[in-house]
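What TrEMBL says about this protein:
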- 6-159: domain 'Glycerol-3-phosphate dehydrogenase NAD-dependent N-terminal' (DOMAIN)
- G10, G11, G12, A13, W14, G15, A139, R254: NAD(+) binding site (BINDING)
- W14, R34, Y50, K107, A139, R254, L273, E275: NADPH binding site (BINDING)
- K107, G135, S137, K190, D243, S253, R254, N255: sn-glycerol 3-phosphate binding site (BINDING)
- K107, R254, N255: substrate binding site (BINDING)
- 179-314: domain 'Glycerol-3-phosphate dehydrogenase NAD-dependent C-terminal' (DOMAIN)
- K190: active site, proton acceptor (ACT_SITE)
Amino acid sequence: MSGYRVTVLGGGAWGTALGLTAARAGHDVRLWARDPEMVEALRRGENPRYLPGIALEPALEATTDLAGALDGTDCVLIVTPAQVLRSVLTAAKPHLPAGAPLVLCAKGIERETGTLLSQIADEIVPNHLVAALSGPSFASDVSRGLPTAVVIAAREEELAAGLAQRFSTSSFRCYSTDDLIGVEIGGALKNVFAIAAGAVTGAGLGASAQAATVTRGFAELRRIGEAFGARPETLMGLSGFGDLMLTCSSPQSRNFAYGLALGRGEPLEGRPLAEGVATAAIAARITRERGIRAPIITTVSEILAGSITVQEAVTALMTRPLRHEAE
Ligand SMILES: NC(=O)C1=CN([C@@H]2O[C@H](COP(=O)(O)OP(=O)(O)OC[C@H]3O[C@@H](n4cnc5c(N)ncnc54)[C@H](OP(=O)(O)O)[C@@H]3O)[C@@H](O)[C@H]2O)C=CC1
Ligand SMILES: O=C(CO)COP(=O)(O)O
């Protein structure tokens, strides 16, 4: 299973962690990043911008040459933020070897179009097989080799299972599924719920309110998932429930930390990437247009748009007329 040629696109926290994991699994890894300084740092075995203080072992073969990084590759992990997938994939397209599957590792929905990331890949490179890697996994944990479990999804069960086998190590366990949409929706929306949980916590509303937010967020995720044809068991797995547990409770999550700052009324400029910020408004629009009840996503998008404060949002959520519903 080793000796696979793997290209990682993106030299951020997650691209670095996944590149390391693939190298530890015995694969021949090339990582492409756009910034020459980052490439130099990665070759030295560090990523001071995104994984400060973590020694990268082994050091990664990194390059700014996109064509060179993709030349002869067997598999491409795309680990740039969701909102730039379209441009990164368009740039990569002329250099992609036929038959190399694409593994989408970002978590989000395209802000302008509401398109899922696998659908963007289908549009731009319709002849390539597409998979998604998701689940509860902080880059800093993974790069340190701490135990982590993720799920790899593809419409073709064999592809997902094969990739899961190739990328698993003794500390990085990959499960597989053919429910691509379920895995993508879970990964994209948990970021919005993590902002909500952080905001509730940051506003000092207590651990009970935080647990209520996460649980009702999960109910919302399942409603949305059902409307998109996701399987309920997928959303109860690593990419849904699992990632909600992680990101809705730990300040290590950039989305939860963003929510904490919102709740505390702290400045938001210059914060690290929080994918839920870009996903919230489009997710709110999609649910509204499709008639799916999504009060938490809608509220987060209103807070981010500045049309309602966290305090007003909480009051509105708690006092809105209750629809008697089974949990
Ligand atoms: N960090 C984590 O623990 C995890 C992250 N993810 C997901 O992975 C995705 C990436 O996150 P992460 O790596 O943490 O993000 P980071 O902010 O750490 O890094 C983003 C990387 O993408 C690069 N980048 C940004 N825009 C472009 C562009 N237009 N063209 C080329 N490169 C670009 C940045 O380059 P530059 O430095 O030059 O700007 C940087 O290398 C997100 O969707 C996130 O949700 C998933 C699981 C875990
Ligand atoms: O997706 C993640 C963990 O599974 C990382 O979460 P954040 O992007 O919120 O840091």
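Note that Cβ sites are derived from N, Cα and C of the backbone, with glycine treated the same way.
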Taking the binding-site residues A13, W14, G15, L273, which residues show a Cβ-atom distance to ligand 2 below 6 Å?
none
About how far apart, in whole Å, are the alpha carbons (Cα) of A139 (NAD(+) binding site) and N255 (sn-glycerol 3-phosphate binding site)?
14
Out of A13, S137, D243, R254, the binding-site residues in the record, which is closest to E275 (NADPH binding site) when you go by Cα distance?
R254
Integer average pLDDT (0 to 100) for the domain 'Glycerol-3-phosphate dehydrogenase NAD-dependent C-terminal' (179-314):
95
By Cα-Cα distance, the member of binding-site residues G11, R34, R254, L273 nearest S137 (sn-glycerol 3-phosphate binding site):
R254
Just counting, how many other CB atoms are there within 10 A of the CB of N255 (sn-glycerol 3-phosphate binding site)?
27
Using a 10 angstroms cut-off on Cβ to Cβ distances, just flag whichever of R34, K107, K190, R254 is the loneliest among these binding-site residues.
R34
Can you name every residue in this chain, apart from K107, R254, N255, with its Cβ inside 8 Å of the center of the Cβ atoms of the recorded substrate site?
N191, A194, T247, S253, F256, Y258, L273, A274, E275, G276
